[in-house]
Amino acid sequence: MNNEHLKWIDIAKGIGIIAVVMGHGGHELAHHYTYWFHMPLFFILSGLLFKPIDNFSDLFNFIKKRAIRLLLPYVSFGITIYFYIELKNGFELSSFLTDLYKLAYGGMMMKGLVTVFWFITCLFLVQIIFAVIDLIFKNNITKIALITLSYLLAHIYAFYQPFESPVPWSADVVLITLPFYAFGFYIKKYIGLILNVKTFIASFLLLTVFIVYDYMNNYFYQIDLKPNVYNHLFLDFFIPVIICFVVFNVSKILSKYQYSTTLSKIGTSTITIMFLHRVSNDFFSHFFNYGIVVYTIIGVLVPFICYLILLRVPYISIAFLGLSSNTVKQKNNKATVA
């Protein structure tokens, strides 16, 4: 993809991460409606950027790169935030060791300031599983059948909830997120049909109808991936997808304007914002009270500044951003030019 394509994708990520922060801001409506799409959006965008792997040697390298990019920051930010929590509550070694166990276990064990950490391990698993499926099975019908089966099993699992204990790394959520990731990959060749006025208008009108109907019927539709809240076989895929189509088209339109550069830069720092937006607001909430607007500004701006600072420190940037020294140099050069 060329730079123009990458810019609209970064803008879409920026919109997505702002929605994530808003969803945690304590506002009922914002929480309800941002949860309709924000996490599926990231899985779809990640699938859109996936490049097929040709052999098992490349698969091993892919796993290694994804582990560095996702799991290394997961550990670094996790330890840092848990250390902050312990300092705030009166540091106890036994409690901190329990925190580290929760970090290793992941999934529903991650609560409070680290509640969103489930996404990282789930995304890592989805990326690896889809890469394996794409490598082993050459027939697209077989691949689509497996993805469809995963989606059906997700709803069966959500209905019966067979495990009393949390599943490590939110591996159970992979059943529902794998189809979103696969969808992102398979729409790549049709992206021109998605990024057009007709699709934008149709998606926007459908979304408006769903929101009005939902609002008038006491919020009948809910979806929350982490605790396996997905109960509508059709809507759980259809609604997130049409919202993503709206976001994609808005992002494409914005990418034509220079002022959207800031939003695209925010989109490049989504993982840092994901990790730090709650702890940033926890810190500032001790000094003054504020609503969702200030919560969102703090939750985006403070982690974004941290991201820019981390880019300037080579070894720390590897640990917290999962970026190689060459990638850090490239990003710093772009930031300087901008």
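Yeah, the Cβs are placed from backbone N, Cα and C, and that goes for glycine too.
Caution: TrEMBL annotation is automatic and unverified by curators.
Annotated features in TrEMBL:
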DOMAIN    7-307  domain 'Acyltransferase 3'
TRANSMEM  33-50  transmembrane segment
TRANSMEM  70-87  transmembrane segment
TRANSMEM  116-137  transmembrane segment
TRANSMEM  144-163  transmembrane segment
TRANSMEM  169-186  transmembrane segment
TRANSMEM  193-213  transmembrane segment
TRANSMEM  233-250  transmembrane segment
TRANSMEM  262-280  transmembrane segment
TRANSMEM  292-311  transmembrane segment
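Residues 7, 9-18, 20-21, 24, 42, 70, 73, 77, 81, 84, 112-117, 119-120, 254-255, 298-300, 302-304, 306-308, 310, 320-322, 331, 335, 338 of the same chain sit 6 or more residues outside the transmembrane segment (262-280) yet have a Cβ under 8 Å from a Cβ within it. Against the transmembrane segment (193-213), the recorded stretches 116-137, 144-163, 169-186, 233-250, 292-311 differ in Cβ pairs under 8 Å, and the greatest number is found for 233-250. This prediction places the mean pLDDT of the domain 'Acyltransferase 3' (7-307) at 97. Remote same-chain residues near the transmembrane segment (233-250) are listed as 8, 12, 15-16, 36-37, 40-41, 44, 151-152, 155, 176, 179-180, 183, 194-196, 199-200, 203-204, 206-207, 210, 221, 223 (criterion: CB distance under 8 Å, separation of at least six residues from the stretch ends). Counting same-chain residues at least six beyond the ends of the transmembrane segment (292-311), those with a Cβ under 8 angstroms from any Cβ of the stretch are 17-18, 21-22, 24-27, 30, 265-266, 269, 272-273, 275-278, 280-281, 284, 317, 320-321, 323, 328, 331-332, 335.
Away from its own ends, the transmembrane segment (33-50) comes close to residues 1, 9, 12-13, 16, 19-20, 22-23, 119, 123, 126-127, 130-131, 134, 177, 180-188, 191, 211, 221-225, 239-241, 243-244, 247, 270 of its chain (Cβ-Cβ under 8 Å, at least six residues beyond either end).
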